[in-house]
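This report refers to the structure that appears directly beneath it.
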Amino acid sequence: MLKNDLFLRALKRQPVPRTPIWVMRQAGRYLPEYRAIREKTDFLTLCKTPELAAEVTIQPVDIIGVDAAIIFSDILVVNEAMGMDVQIIETKGIKLTPPIRSQVDIDRLIIPDIEEKLGYVMDAIRLTKKELDNRVPLIGFSGAAWTLFTYAVEGGGSKNYAFAKKMMYREPQMAHMLLSKISQVITEYLLMQVEAGADALQIFDSWASALSEDDYREFALPYIKESVQAIKTKYPDIPVIVFSKDCNTILSDIADTGCDAMGLGWNMDIAKARKELQDRVCIQGNMDPTVLYGTHDKIKAEAAKILKQFGQHTAESGHVFNLGHGILPDVDPANLKCLVDFVKEESPKYH
């Protein structure tokens, strides 16, 4: 039994005494304890060494007091498992070779045996679960098909997604073939994470806002829905969070995927989101990560504003406090601790 299951209960929109909190990228460079480990190894080796991945996953639980842990990994491990060479240099960016731009390239990508190619993630989950000793839930995750598609086609990050969109508009069938292939791997990967012990799952669509509403409905949402439905069919009790960054105009479409919770970017009023969604799903978010550069008083004021905007909880509502994107690497850990402590103290009045 979990000692602290507030996060899971909030995702399922069950009554909780306060609002649970965790933050994206909470295991990361802002923590000196993380940097000490990173000095000895490169990023992907850290992801692939279960003992180290488990250690950094648990650091924010011990140091900051968050209500959930998220397994330390990277969304691009899926691309690598499919046969792409992935280089992640934290200060210089991301390079994937060869970029996938033709039918021949797509055919060359493999549908991997997940345990064989990504077994290190499952080992990290199993080890983390053991070491967490039921203190808090553990989140597994994957990138969404559209985001992993853009990395594959662009060969890295991109400002305008020219190659990805060229394939979408010139060769839509080819684009769907690649998206479908990636989606198949994502779904299997997420299911395996649950088998390894993940208590909840998050699907990150980091580049969601690159698409128009109609294109998002055609090239992104069907694949998210495919994964969500597969998870819900096999593991109906495992909550699924969808984070389609900055897709504020199609919230109800995202809710229609069958997800339990939706991550909200910081550029939308959480009250408006709740009103539109009518408590159909739990809302996760949505403080601007740069607020954590502010004074403790400013951090508390902004957190109080979000809690107040979300408003009083009902029998159907759910809110998990989070940032609208990942925590930035140069934030003072004391500022995050201030936020976490404040949300724990301030939120009970809304429950």
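In case you wondered, yes, glycine gets a Cβ from its N, Cα and C as well.
Here's what Swiss-Prot has on this protein:
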type: BINDING; residues: Arg25, Gln26, Ala27, Gly28, Arg29, Asp74, Tyr151, Ser206, His325; note: substrate binding site
type: SITE; residues: Asp74; note: site 'Transition state stabilizer'
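The structure, with features from Swiss-Prot marked on it.
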residue : record                             : contacts (Cβ under 8 Å, 6+ apart)
Arg25   : substrate binding site             : Gly326, Ile327
Ala27   : substrate binding site             : Tyr34, Val56, Thr57, Gln59, Pro60, Ala69, Ile70, Phe72
Asp74   : site 'Transition state stabilizer' : Phe43, Leu44, Cys47, Ile88
Tyr151  : substrate binding site             : Leu76, Asn79, Ile94, Leu96, Gly143, Gly157
His325  : substrate binding site             : Met24, Lys245, Gly265, Trp266, Pro289
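Mapped onto three states, the DSSP output places His325 (substrate binding site) in coil. The Cβ neighbour count for Arg29 (substrate binding site), using a 10 Å radius over every protein chain in view, is 15. Spanning the residues Arg25, Gln26, Ala27, Gly28, Arg29, Asp74, Tyr151, Ser206, His325 that the record associates with binding substrate, the maximal Cα-Cα distance equals 23 Å.
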